């Protein structure tokens, strides 16, 4: 009963104040009652405060009484037992006050977040809040953010500069379960630390060393308390030398990695090829956080921490997450991902051709029809490219071998519905070599291997040039 009264005390006092200010008749009645002798010339608010103060006064009185009471007094045991009972009541009242204050604070935060996050729950307890700077994963630029730390989650928020409505937008909710804290060292950006959770990894910068220590202390104590409650205590502080390997093989795809910054590496962390601004740019593996080139990041895997979305990963992480070996991975490659050298060395025909699609400009392309896929024409930018720029399934196309113009006497055209592909060879012999293979492929027939059925156009042809095969 006492705890319930204490919990409602603040609201009751606020209600009396508002009604006294807004309703003259209420104010008049209260003042008339307060003039009565039985009220002892005290206000209504004073009488309302008396029950709140009564239990703490009893506790202080009994403590003072026991200090002055001789230990051999007949009243000693009863006085001691009375103090224990009243202390329990005082503890309950203090707990009730704290719970009430916590719920009020949760309501305030709920409104600040635009009433979108369901945080008003007696089991949620606000531990700490405050401004913080977040270091960008790519270039270490600092961005203003705001944190709300609860006993079971960390809300990472972006301030909203609005005169009305919500003050913050929740960018990420990071659960305490599985969270790790690492104190980082950055000469350019002092007072930094890292929060690594299953949902996301954040590198944050505090305003001072003291502020940083307070955040680390609050976060670590919250993590420890969480695991103690769930009886699965783990040490969540990682050592500095473990920063780059924080995501173990077993955790790949299950925990958000720390991204290695672009300016921390000059070459691909997988193939060791140096980066440049044009042909070999930096990409991040979403599973391990390493900086890799486009060739080494040309894979996608479902990441559990990101809701099972298909995300860009490096080859090593792809094989671990998907469970495929090199040979199995090759079988599952997309049709464009077959390397030019791989098909050119075992092809029905291959050479450079001029190519034009519809009304686009002519361009030079390395064209291949491989033996293992004889009904598809692959087009690469160069003979050593690791990925095809385009492919044309030849089945069903209509072949027109009439030259497009006098400037391109060795040209031919493939059409199917609205698709139009024009090609031009360097000479008539090469054109006829291509047409012989294509005319069979468009009907669904597998062309004979050149080794088994040599071309009859020129049985005494000169040795093949490097630009043809």
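Every residue, even glycine, has its Cβ placed from backbone N, Cα and C.
Just so you know, TrEMBL annotations are computer predictions that nobody has curated.
The model shown is predicted, which means the values in this text are computed figures rather than measured ones.
Residues or ranges marked as compositional bias 'Basic and acidic residues' in TrEMBL: 455-469. Taken from TrEMBL, the feature domain 'DH' applies to 1-96. Sequence annotations record features per position, and here TrEMBL assigns domain 'PH' to 125-224, 346-443. Under the heading domain 'FYVE-type', TrEMBL lists 262-322. The region 'Disordered' annotation in TrEMBL covers 446-469.
Each of 1-96, 262-322, 346-443 was scored by its Cβ pairs under 8 Å to the domain 'PH' (125-224), and the highest score goes to 262-322. Note on the domain 'PH' (346-443): its mean pLDDT in the predicted model is 87. DSSP labels the residues of the domain 'PH' (125-224) in these numbers: 16 helix, 48 strand, 36 coil.
For the domain 'FYVE-type' (262-322), the DSSP-based tally of helix, strand and coil residues reads 14 helix, 16 strand, 31 coil.
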